[in-house]
Amino acid sequence: METKIGSLDSCKPATCNDVGCLPSNGAVSTIQSSAVPFTTAEATLGRHLARRLVQVGVSDVFSVPGDFNLTLLDHLIAEPGLNLIGCCNELNAGYAADGYARARGVGACVVTFTVGGLSVLNAIAGAYSENLPLICIVGGPNSNDYGTNRILHHTIGLPDFSQELRCFQTVTCYQAVVTNLEDAHELIDTAISTALKESKPVYISVSCNLPAIPHPTFSREPVPFSLSPKFSNQMGLEAAVEATVEFLNKAVKPVMVGGPKLRVAKACNAFVELADACGYALAVMPSAKGLVPEHHPHFIGTYWGAVSTAFCAEIVESADAYLFAGPIFNDYSSVGYSLLLKKEKAIIVQPDRVTIGNGPAFGCVLMKDFLSALAKRLKRNTTAYENYHRIHVPEGHPLKSGPKEALRVNVLFEHIQKMLSGETAVIAETGDSWFNCQKLKLPPGCGYEFQMQYGSIGWSVGATLGYAQAVPEKRVIACIGDGSFQVTAQDVSTMLRCGQNTIIFLINNGGYTIEVEIHDGPYNVIKNWNYTALVDAIHNGEGNCWTTKVRCEEELIEAIETATGTKKDCLCFIEIFVHKDDTSKELLEWGSRVSAANSRPPNPQ
């Protein structure tokens, strides 16, 4: 069976339960004789690229115009199923495509040669680290200039035009440089299909003189992609399941922990199926929050070593066996390499590989196949969850604020918790919002995204733009620190142009708080802005926008009532003033451990 990626109506948001998933295995798509012929004027590279984007599920493309991509942008605008969104800078266009891909399964951005390409590169690297299919399209030099000794603008002054390509080679899974029409069809289709198959960004450079020229290869409506799905090696799958069953069924108190690669493996449903069947205590790594339903009856919280949800780490680390599905153990997720886990107790399930303890390992075994098969074989064992239930003490509430008392961060997030529903989504910026948002309990259907692996401050502004554009039926709640906001603030302007009704909580504590807790210095203090006045200036009377400042709980309650009431159709920007040392206890602990990991002396030579 083949997977049909993107029929003509696939610009609708994905409806499957795996977050950011692509359409699942379906009927074989064949080349049909009813393929619609174009007029000669429509049989162009630009038209083909636009139709392909629509077919795979992209209905919004984030762009910054430049002289090398203007003709291509004309053709994207001409596509009825495509909406071109102009961003304030290329970095935010890339972040927006990242956020869009998290919600829709694929995103796209268009920039100009080198000055645009190198500017968007940081966002593409972040998408690569997070396994997001993102199509980065660059308007390139005139095809006649390749191979000459000419020096062009938007370059570093050398006749070699490959600098941009070489930079993209390390952060994309495929690069297509389209300099003639003969192979343009093949290069474009290969790039887009590779992004979908590999769940990684791709780079497509299109010479500026080619998009509008008709060519016979583009004379018919492009047939929807038919991508052959991956299959598990059946013998390997059976052997892996058999060995895992033997390992787990003799354990006394096994647990299971979901990791961020559940998304790329499209195994979220299979993971829940296994949890339902086996009865194990169920936790998630911090970067997998939002991929597993938190209302599951055996859910015990976020496993993050020393900064885990209360009582979660004790249950996970005291288990005599643990199954990790799609984990990434980096210095941040391991809290400075301080997790109390033992390899011989662990079953590590990656998207196409299973490793049991110190061995054996089984390759060519797909995670979703493995988890589904395992669900049918494991004995039910609720011991670990019963232990959790026995020791668990419900979380308390923040101390009640006095009249007009300065607002505390824990009070702020207590009120944000009450705002969450299946019709909302949370975007957490890099910083203390990581830790505060981790403690939010997500109701069924509530979206959640953050960028833990790459951790680029400022990511959330563009990502909020893209995510909100991808799922307009959800109201996005973005929690952004003042330092991060200063990096990418301009594209609040684009949110207003798009008529989005996001609620932004701008947490003003005067600096880079997460870095203060890792290593303090005067460089972590930033110039304070009048943030609401800045957003008002960006608003400039065009679009629906409401701003306010909040210094105490009474003002917060009033602001939330307004944002969710009379201003529910507006972009609401709420500036929250908190003390510079008001941080989560988790950040204090995490920061000290990451600092210790960063400051390890060199090994003896």
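Just so you know, the numbers here start at 1 and follow the chain as drawn.
Placement of Cβ uses the backbone N, Cα and C atoms for every residue, glycine included.
Feature list (source: TrEMBL):
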type	residues	note
DOMAIN	44-149	domain 'Thiamine pyrophosphate enzyme N-terminal TPP-binding'
DOMAIN	241-360	domain 'Thiamine pyrophosphate enzyme central'
DOMAIN	451-575	domain 'Thiamine pyrophosphate enzyme TPP-binding'
BINDING	Asp482, Asn509, Gly511	Mg(2+) binding site
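Confidence across the domain 'Thiamine pyrophosphate enzyme central' (241-360), taken as the mean pLDDT and rounded to a whole number, stands at 96. Within 8 Å of the centroid defined by the CB atoms of Asp482, Asn509, Gly511, the record's Mg(2+) site, lie the Cβ atoms of Gly481, Gly483, Ile507, Asn508, Gly510, Tyr512, Thr513, Ile526, Lys580, excluding the listed residues themselves. As a summary of secondary structure, the domain 'Thiamine pyrophosphate enzyme TPP-binding' (451-575) carries 57 helix, 27 strand, 41 coil according to DSSP. Cβ neighbour count for Gly511 (Mg(2+) binding site) (all protein chains, 10 Å cutoff from its Cβ): 20. In terms of DSSP helix, strand and coil, the domain 'Thiamine pyrophosphate enzyme N-terminal TPP-binding' (44-149) has 51 helix, 22 strand, 33 coil. For Asp482 (Mg(2+) binding site), the Cβ neighbour count at a 10 Å cut-off comes to 24, with all displayed protein chains included. Under DSSP, residues within the domain 'Thiamine pyrophosphate enzyme central' (241-360) fall into helix, strand and coil as 38 helix, 25 strand, 57 coil. Long-range Cβ neighbours of Asn509 (Mg(2+) binding site) (same chain, at least 6 residues apart, Cβ-Cβ under 8 Å): Asp432, Gly481, Asp482, Val578, His579, Lys580, Asp582.
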